[in-house]
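*Asks:* Dropping the structure in here first, questions after.
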Amino acid sequence: MVITLPKLKYALNALSPHISEETLNFHYNKHHAGYVNKLNTLIKDTPFAEKSLLDIVKESSGAIFNNAAQIWNHTFYWDSMGPDCGGEPHGGIKEKIQEDFGSFNNFKEQFSNILCGHFGSGWGWLALNNNNKLVILQTHDAGNPIKDNTGIPILTCDIWEHAYCIDYRNDRASYVKAWWNLVNWNFANENLKKAMQK
């Protein structure tokens with residue numbers, strides 16, 4: 001099974017001005033595509049060559065895991081954002097955030113603090129844990145909640161420097177502030193609904 005680069009669901013300039021076309025082009029067509037090419041090379045003629053991307057993430061380690069997880073994480077990141085998104089949450093995710101964090105503003109502040117305070121490269125996640133409670137998680141490098149079995153991902157934000165250095169240089173806080181204008185609450189609602197049914 002050849003791992004392919006998932007198609008973006010919006011144009012490269014669709015997230016501008018919050019994330020520029022230049023950033024999205026490099027991030028998607030260079031970084032994300034690079035992980036795909038590298039993984040296919042690594043799994044050739046191995047048992048992983050017949051497995052799905054998600055199974056590779058769950059079962060692998062080392063370089064194979066790093067590249068597989070980065071493919072999965074990036075796809076989830078693209079879907080966590082969208083044009084004409086952002087603003088206040090709605091539907092089930094709004095109610096669940098209020099239930100587990102007290103208010104959207106509390107959640108937004110806590111999540112932003114995690115994203116800005118994370119040392120080095122990684123990811124910030126909103127996930128549903130085994131107690132059906134929304135939690136904020138942070139993972140280093142290619143880590144994700146699926147591999148760590150710490151929760152079912154609902155949303156993610158990429159805090160590797162390549163996600164923001166073209167647009168914001170070393171100012172991660174400004175990138176995080178801009179990211180809130182792109183959050184795809186419809187995607188979050190879909191993920192929450194599926195997660196609550198498991």
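Each Cβ is built from the backbone N, Cα and C atoms, and glycine gets one as well.
The structure displayed is predicted, hence computed values, not measured ones.
Relevant sequence annotations retrieved from Swiss-Prot are reproduced here:
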type	residues	note
BINDING	His27, His74, Asp158, His162	Fe cation binding site
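I'm curious about the neighbourhood of these features; can you describe it?
*Replies:* All protein chains included, Asp158 (Fe cation binding site) registers 25 other Cβ atoms within 10 Å of its own Cβ.
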*Asks:* Tell me, if you would, which residue among His27, His74, His162 (binding-site residues) has the fewest other CB atoms within 10 Å in the structure shown?
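*Replies:* Relative to the other binding-site residues in His27, His74, His162, His162 has the fewest Cβ atoms within 10 Å.
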*Asks:* Using the Cβ center of His27, His74, Asp158, His162 as the Fe cation site position, which other residues in that chain lie within 8 Å, going by their Cβ?
*Replies:* Tyr28, His31, His32, Tyr77, Trp160, Ala163
*Asks:* Specify the secondary structure state of Asp158 (Fe cation binding site) as given by DSSP, simplified to three classes.
*Replies:* strand
